[in-house]
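Student: Let me begin by handing over the structure; questions about it come next.
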Amino acid sequence: QINLSVIRQYVDYLVNEQNVKNVFVNGTTGEGLSLSNQERKQLAEEWVCQGQNKLDHVIIHVGALSLPESQELARHAAAVGASGIAAIAPSFFKPTNKDELIAFLQKIASEAPAVPFYYYHVPSLTGVKIRVEELLDGIKEWIPTFQGVKFSDTDLLDLAQCINKNEREQFAFLYGVDEQLLSALAIGANGAVGSTYNYLGRKTNLMLQAFAKPDLLLARKYQFLTGEFLNFVIKLGFGVAQTKAVMTFVSGIPMGPPRLPLVDASEEFIIKAKAKLESIVWPDGN
């Protein structure tokens, strides 16, 4: 079951401990597609409410297999004051080309005409591999509120083409593969949405600062150490359930178990992952 009571503590932890001021709610890590619409609405309301005067942006993911459900979630997000909405491509009956995907997204975005809209590109989970470069061509004509992309794919050629061709539009390209963030920054990504920022947000912010200076050597150290941890846990079997376990032992906030068909992280995983994370010596000495 969802546990709304920890969200206030969660917001304070992100802001004060991880220097994270923006959240993406009901996405992959939040198991949004495994929740009922009612649960998703409750979570959206609580994050917006608890984030007031603390968070800069609360983007609510409203994508669903059912278009009417997605539209309902978009209307709700707008009504509760979300600063943005996002949607994945439907993953059972899939759009087969750009026009079909844009038609679907447009029907969602139009239900929240004053709220910035982001396309959540995650082909490894949706199976929809329509290139974002192609999707963006003329998209503002169809979706006036289109703001950018949560780009959760390793295809940096596609991302680079998007950034190169859309500089004038000033779209936000938020990268979603945490272990490759520095590569994405180098070609022009201007933000990131990812699960590791729950517990490595402060380290990632230090990497962003180093990149901006620019101190590429220092930025690489942070990226390599994040990669070292992820490489280790991926070999153990790393997914949403394991992310919750890591966040629980790092933050002390009980993130709870996942919902079936996902199953809890094993005790063995928790012991090994904790030991690995504690063994890493970061450039700031912590």
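Along the chain as shown, the residues are counted starting at 1.
Cβ atoms here come from the backbone N, Cα and C positions, even for glycine.
Any TrEMBL annotation is an automated prediction that lacks curation.
Straight from TrEMBL, here's the annotation block:
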- Tyr120: active site, proton donor/acceptor (ACT_SITE)
- Lys150: active site, schiff-base intermediate with substrate (ACT_SITE)
- Thr29, Val193: pyruvate binding site (BINDING)
Student: Return the member of Thr29, Tyr120, Val193 nearest to Lys150 (active site, schiff-base intermediate with substrate) in space, with distance defined Cα to Cα and candidates limited to these recorded positions.
Tutor: Tyr120
Student: How far is it from the residue listed as 'active site, proton donor/acceptor' to Val193 (pyruvate binding site), counting Cα to Cα, in Å?
Tutor: 10
Student: In sequence order, which residues at least six apart in the same chain have a CB under 8 Å from the CB of Val193 (pyruvate binding site)?
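Tutor: Listed in sequence order, they are Phe24, Gly27, Ile59, Lys150, Ser152, Leu174, Tyr175, Gly176.
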